[in-house]
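**Student:** One structure coming up, written as C-alpha cells, with questions to follow.
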Amino acid sequence: MSGFDNLNSGFYQTSYSIDEQSQQSYDYGGSGGPYSKQYAGCDYSQQGRFVPPDMMQPQQTYTGQIYQPTQAYPPTTPQPFYGDSFEEEPPLLEELGINFDHIWQKTLTVLHPLRAADGSIMNETDLAGPVVFCLAFGATLLLAGKIQFGYVYGISAIGCLGMFCLLNLMSMTGVSFGCVASVLGYCLLPMILLSSFAVVFSLQGMVGILLTATIIGWCSFSASKIFISALAMDGQQLLVAYPCALLYGVFALISVF
C-alpha cells in the first residue's frame, strides 16, 4: 500500500483537493429562493428584477431600410391598366371611325345639291361610304355586262391624286388626301344611278346624252360645293367644278359605252 500511495501522490501533480469541495455552499433556503444560487463566482439573482415601463426604450418597427425613418404615404387610388369592364369600352364602329350619322348627312348633302354643306363634317377623313359607293358602281357595271373594276379603281386613284395637288395649290389651309378621296367618293353616288339606268335602258341616244350630262353636272356641282365649304374657298366654285366634271365625265363614259 505504501507503494500505491507513493504512485498516487506522484501521478498528476495538481492543487485540487477533495476537502475544498465542502467549502462551496448552495443556498436553497435563503431570501433569494431558487434564483439566488451562486455558482463559480457568478451571481444570477439580477435576472428576476423588475424594470419600470418608463425606463424601457420603445422598439421601432423595422421598415427594411437602414438609417431611414418610416414615411407615411397617403393611400392612392389604384389605376386600372385597361378598361374597368367591357361595358365601358367604345363600340367597334367608333374605334374604326365609322359614324353612320355623318355618312347619312354626307349622303343627303350629295343628293340635295342646293343644300348647304357642313364644312366640319365634310372635312373628316371617312372612307367607309366612298368604298361602298365604288363597289356599288362596279356592281351596277357588272350587271350591265361591263367588268370595269380595274378602270374604276385606277381612275379613282388618279383623280384623287390630281384633285389633291390642285386643291393644295388653290387653298390657303391645305387639304389631306383622305378628305379629297372621301368627298369625291361620296359625290360618286349620282353616277351609280346612271349606271343603274344603263342596265335597263340604252344611254347612247339623245335621252341618254342629256341624262349623262345632268349626272356629270350633279356630281361636279356637289363636289365643288363641299370643297369650297370645307376649305373656305369662296368664289372659286367654278374653278373647282371644272376638274371635277372632267373626272366624273370619265366615269360617265364607262357607264355609257
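We number each residue from 1, going along the chain as drawn.
Each Cβ is built from the backbone N, Cα and C atoms, and glycine gets one as well.
Given the structure is predicted, the values throughout are model-derived calculations rather than measurements.
The feature topological domain 'Cytoplasmic' is assigned by Swiss-Prot to 1-124, 168-173, 218-236. Among the features that Swiss-Prot reports, region 'Interaction with Sec23' is placed at 75-106. The transmembrane segment annotation in Swiss-Prot covers 125-145, 147-167, 174-194, 197-217, 237-257.
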**Student:** Give residue numbers and ranges for long-range contacts of the transmembrane segment (147-167): same chain, 6 or more residues beyond its ends, CB-CB under 8 A.
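**Tutor:** Here the qualifying positions are 134, 137-138, 141, 175, 177, 180-181, 184-185, 227, 231, 240, 243-244, 247, 250-251, 254.
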**Student:** By DSSP assignment, list the helix, strand and coil residue numbers for the topological domain 'Cytoplasmic' (168-173), in that order.
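**Tutor:** Result for the topological domain 'Cytoplasmic' (168-173), in helix, strand, coil order: 3 helix, 0 strand, 3 coil.
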**Student:** In the same chain, which residue numbers or ranges, 6 or more beyond the ends of the topological domain 'Cytoplasmic' (218-236), come under 8 angstroms Cβ to Cβ?
**Tutor:** 109-110, 113, 116-119, 122-123, 167, 170-173, 175, 179, 183-184, 186-188, 190-191, 242, 244-245, 248
